Amino acid sequence: MHAMTFKAILLLGLLALVSTSASIAFAKEVRATITEVPPFNRNSFPSDFIFGTAASSYQYEGEGRVPSIWDNFTHQYPEKIADGSNGDVAVDQFHHYKEDVAIMKYMNLDAYRLSISWPRILPTGRASGGINSTGVDYYNRLINELLANDITPFVTIFHWDLPQALEDEYGGFLNHTIVNDFRDYADLCFNLFGDRVKHWITVNEPSIFTMNGYAYGIFAPGRCSPSYNPTCTGGDAGTEPDLVAHNLILSHAATVQVYKKKYQEHQNGIIGISLQIIWAVPLSNSTSDQKAAQRYLDFTGGWFLDPLTAGQYPESMQYLVGDRLPKFTTDEAKLVKGSFDFVGINYYTSSYLTSSDASTCCPPSYLTDSQVTFSSQRNGVFIGPVTPSGWMCIYPKGLRDLLLYIKEKYNNPLVYITENGMDELDDPSQSLEESLIDTYRIDSYYRHLFYVRSAIGSGANVKGFFAWSLLDNFEWNEGFTSRFGLNFVNYTTLTRYHKLSATWFKYFLARDQEIAKLDISAPKARWSSSTMIKEEKRKPKWAIQAF
C-alpha cells in the first residue's frame with residue numbers, strides 16, 4: 001500500500017484552504033481572552049522539541065491475546081459501551097503496523113507514543129506463568145520499524161488493560177499485591193525493549209482509570225457504590241478510588257526505582273508518568289471559588305503530583321477525606337518522592353469551579369469529597385466551543401495556564417504533553433470526502449500549540465507534544481462512535497485515509513526550508529451560534545486515495 005501523493009498543484013489546493021488568520025466564533029468570554037494567532041510552524045519551537053501522536057494497545061492492536069479487564073468488561077457488559085462494540089479487532093494495528101508507521105513518516109512526526117499490553121506479554125500477569133513470545137515479537141517489530149523510520153518510541157507500560165487473571169485472583173489494584181506484580185512486569189519490559197526505548201511512561205491517566213473504573217463505574221472493571229449506580233459490578237466510591245490510586249502510585253514508584261537501579265545508567269533513558277488534568281477556572285473572583293478551583297486541582301493532578309514531589313497527598317485531600325485516605329509509610333514516602341524524570345500532561349478541556357458542601361448530601365464518595373461543583377458554563381456561556389460528544393469544551397488558553405501552574409507549583413519539571421485532541425461523532429451518512437474535512441481540528445491544534453509556545457516563552461520546561469490520536473480508534477465506553485483520529489479509519493475494511501488535519505501536520509512539521517516558509521496557519525472553522533462544533537463539509541482538493 002502507498003501513501004497519498006501530492007503534486008505541486010494539489011499542494012496549492014490544500015493551501016488555498018488554509019487562511020492567514022485562525023478565527024473561530026468562540027463564545028463571548030473566550031473571544032475576549034484568546035489572542036488572534038499569527039502564523040508559525042515547527043521552526044518556531046526549540047530545535048529539540050518533539051512532535052508525535054499517541055495510541056494505546058487495547059484501542060489499537062486487536063489480534064489474539066488472553067483477556068484484560070477491558071476484554072472482560074466489553075464482553076460481559078456490552079450495554080455499557082455506546083455501540084456495544086469492543087476492542088477485539090480495534091483498528092488491527094497488530095497487522096497494519098507498517099502502514100501506520102508509514103503514515104507517521106508521511107506526517108513528518110518525530111515520535112510515536114504506544115503502550116504495551118500486559119496480558120499480551122504475560123498471559124497470567126506474571127513471568128512465572130510464561131512469557132508470550134508472539135507478543136514480544138510484535139513489539140520488537142513495531143519498535144524496530146519506528147526506529148528504522150527515524151521515529152522515536154515513547155512507551156507506556158500500563159494503559160488500563162490489566163490482565164483479567166490478576167483481577168480475578170486478588171482484585172487487581174484494590175490489593176497491594178499488584179505493586180510487586182506491576183514492578184516485575186515493568187522490569188521485564190525494560191529488559192526486553194530498553195536497549196531501544198529511551199522514554200518510558202509508567203501509567204497513563206491514573207486519575208481517569210481510578211475515577212471512571214471505581215467511582216463512576218463506566219470503565220473497566222466497572223465498580224462504584226450501589227447507591228450511585230446499581231448496575232455496577234460492586235464497589236465503594238468512598239474508599240476504593242483512593243486505595244486504587246495509592247496502589248497505582250506505589251506501583252509507579254517501585255517501577256521507577258527498578259529502572260533507575262538496574263537500567264537507566266546503561267540504557268540512557270528517562271521515565272515518567274502521564275496525568276490527565278482539566279484546568280480549573282474559578283466561576284467568580286470570590287475567594288470561595290478560587291479555593292474551589294485549587295481543591296479541584298488538588299483532587300485531580302495534585303492527587304499524584306504532590307506525592308511524587310513532596311511524598312504526601314495534598315493537605316486539602318488529607319483534611320477532607322480523613323481516615324479514608326491511605327497514608328504512605330516513611331519508607332514509601334521516600335520511594336515515591338522524586339520518582340520521575342518527567343511529567344506527561346494530557347490536556348483536553350477546562351471547567352469552571354465553585355464551592356459546594358456535599359458533606360451531608362450522600363454517602364462518602366471521591367466524587368463529592370472535594371466539595372466543588374464544576375460546570376462548562378458561566379452565566380449560560382460555555383467556556384469554549386463544545387465538541388460533538390458533549391464532554392469537552394475547546395479552551396486552548398487553559399493549556400498555557402496549566403503548564404505555568406505546574407511550573408510554579410512543582411518546581412518546573414520536564415514536561416511532555418502526551419495527549420491533546422478533539423473528537424467528532426461517527427456519522428455514517430457522510431461521504432468519505434466529507435469525513436476527511438476537519439478544519440475545526442486543525443484550528444484546535446493550532447491554537448493549543450500557540451499556547452504551548454507561549455508557555456515555553458514564559459519559562460515552562462515543555463519538550464514535546466503528542467496529538468491524540470494517529471487514527472480513529474476504539475474510544476473506551478464511547479466505542480467507535482467518537483473519532484479522535486488525524487487519519488480516518490473505515491472500521492469495516494480497516495482502510496486508513498488522511499484527514500485534512502494529517503496533511504496540515506505534514507506541512508506544519510516540514511523541515512524543508514521552502515515548505516517551512518509557507519504560511520500554514522489554521523483554516524477558518526465554522527462554529528454554530530450554540531457553540532457546538534459543526535463543519536461545512538467541502539470536497540477536498542485532492543483525490544481520495546487509500547494507502
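Note that Cβ sites are derived from N, Cα and C of the backbone, with glycine treated the same way.
Among the candidates E265, E408, E419, the one that Swiss-Prot lists alongside Q59, H159, N204, E205, Y348, W468, E475, W476, F484 as binding beta-D-glucoside is E419. Per Swiss-Prot, the cysteine from C189, C224 that shares a disulfide bond with C232 is C224.
Long-range neighbours of E205 (active site, proton donor) (same chain, six or more residues apart, CB within less than 8 Å of its CB): W160, S274, L275, Q276, N346.
Cα proximity to Y348 (beta-D-glucoside binding site) (within 10 Å) is found for the following recorded positions from N72, N132, C224, E419, N490: E419. In the three-state DSSP reading, W468 (beta-D-glucoside binding site) counts as coil.
Distance from the CA of W476 (beta-D-glucoside binding site) to the CA of C224 (disulfide bond) is 17 Å. Within 10 Å (C-alpha to C-alpha) of W468 (beta-D-glucoside binding site) lie the following recorded positions from N72, N285, E419: E419.
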